Amino acid sequence: MSYLKGLLTSCLVLASVMSWAKAVPISIDKTKVKLPEETVKEPPQSVDTGLHYDRYLREVIDFLEKDQHFREKLHNTDMEDIKQGKLAKELDFVSHHVRTKLDELKRQEVSRLRTLIKAKQDIEGGNDIAVDHQALLKQFEYLNHMNPHTFEVEDLDRLIKSATKDLENYDKERHEEFKRYEMMKEHERREHLKTLDEEGRRKEEEHYEEMKKKHADHPKVNHPGSKDQLKEVWEEADGLDPEDFDPKTFFNLHDTNGDGFFDEQELEALFTKELEKIYDPTNEEDDMVEMEEERLRMREHVMNEVDSNKDRLVSLDEFLVATKKKEFLEPDSWETLEQNQAYTDEEMRVFEEQLARQEEDLNLKAADLQKQKEDLERQQEQLNAQKLELQQAVEHMERLKTQKVPPPPEMQLEGNAVPESLGHDQPPVPPEHQPLPPGHQDIPLEQQQQHAPQNQQDLGQEHQNIPQQNQPLPPGHNSPPHDSPQMPRDHSNVP
């Protein structure tokens, strides 16, 4: 069980440190940020491991630890045997209650993954596409997706292997993250120098070199895990006589949870005194993010030297064996971060080129967004103008209705029809003021008399010469509509 416990503990420590480091924005001065006490001493128990299957991992380990038979077998099983899947027979002897709970945990995890797959499908607009959950579950290597109902030996093996691999990648990602942080810090310093005049740049460079010298001027740092380093903790932290130093007693004093192992958290606590020699949160020249990277470097170094079975824990036996080695008694000097730059000149060049490309892309996107904004503003102005014209037209029509003003000529009725509003309200028009029939307007009286017939006889002759059916009717006497009754004509007066 020690390997599983170490696996989970290492997850917790890494997640705790990384969550604090990421919580401090690059743009602020990290030399002025005080490290939280819980990061120095003990990470919160509720901290997430950073793995997307964190809850599943925790619950499986917790329930396996509740089975006494399985716990004893795991305690006596070599880490390599665990990795090679030699726990099959032991898992078969797990109590029915624990095994039932493990089955339930797996079903819940499979259900959670299916829900995530469905949610992703919905977001991507694939509501009408059938989802092959079995195929998509293949990407989750920490469980056997072909058997979604019961927790078997293969599930435990997959979980251990996946967590181990993910933790190794986590270490690499952490180092890469710190490297990017250091390069960004240097990039911002260079960019700041470009904004200064020659005198300002000279002063800034002098100040930068002065801070580097002050940071490097610190007491000697002992090799992590060496006798000198542990004796210093024994004397200054424990208040004991260095001449009475005893490795076994030291181990028991600093195995804070009394489980018989140094986990990664307990190991890192041993390096606090060494780190205080190099870093002070109140000093401008000391970067607390660099201090955490130094702490993790020390822990990794001790684990590599002392953790012989690579279970991410240091047992008492492993510790006592390490105290007899030459590296413990006569260690090499320890090179701190300022002696080992986190990046090369070539890496810095590539990093700045990437930043330049990213800035160019952002500028293009910003220009495109600005153009879209201007187009939308123009469209909004056009809509506002159309809205204003419509409002003015409606207001004008409302005023016309209120004042009873006749509509404009183009809206008047055609022909001789008289609007109802005028036919009842206006007085009769005298004959001399009535409008002439069509075709007689503006014709002088003399011209009308010249064209008039000389006498009634001539008129009669004209009527005789024109066929009756083709004779034109005077204005206003045109043929009535076909649906009106025909009245007989009186031709008695026509010669």
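Cβ from N, Cα, C; glycine included.
The signal peptide annotation in TrEMBL covers 1-23.
The feature region 'Disordered' is assigned by TrEMBL to 189-226 (among others).
Sequence-distant contacts of the compositional bias 'Basic and acidic residues' (189-212), counting only residues of its own chain at least 6 positions beyond either end whose CB sits under 8 Å from a CB of the stretch, comprise 284-285, 338. What TrEMBL records for 189-212 (among others) is compositional bias 'Basic and acidic residues'.
Among the features that TrEMBL reports, domain 'EF-hand' is placed at 242-277 (among others). Mean pLDDT across the domain 'EF-hand' (242-277) comes to 92 in this model.
The feature domain 'EF-hand' is assigned by TrEMBL to 294-329 (among others).
Taken from TrEMBL, the feature region 'Disordered' covers 366-495 (among others).
Taking DSSP states H, G and I as helix and E and B as strand, the compositional bias 'Basic and acidic residues' (366-380) has 15 helix, 0 strand, 0 coil. Per TrEMBL, the feature compositional bias 'Basic and acidic residues' maps to 366-380 (among others).
Among the features that TrEMBL reports, compositional bias 'Pro residues' is placed at 427-438.
The compositional bias 'Low complexity' annotation in TrEMBL covers 447-457.
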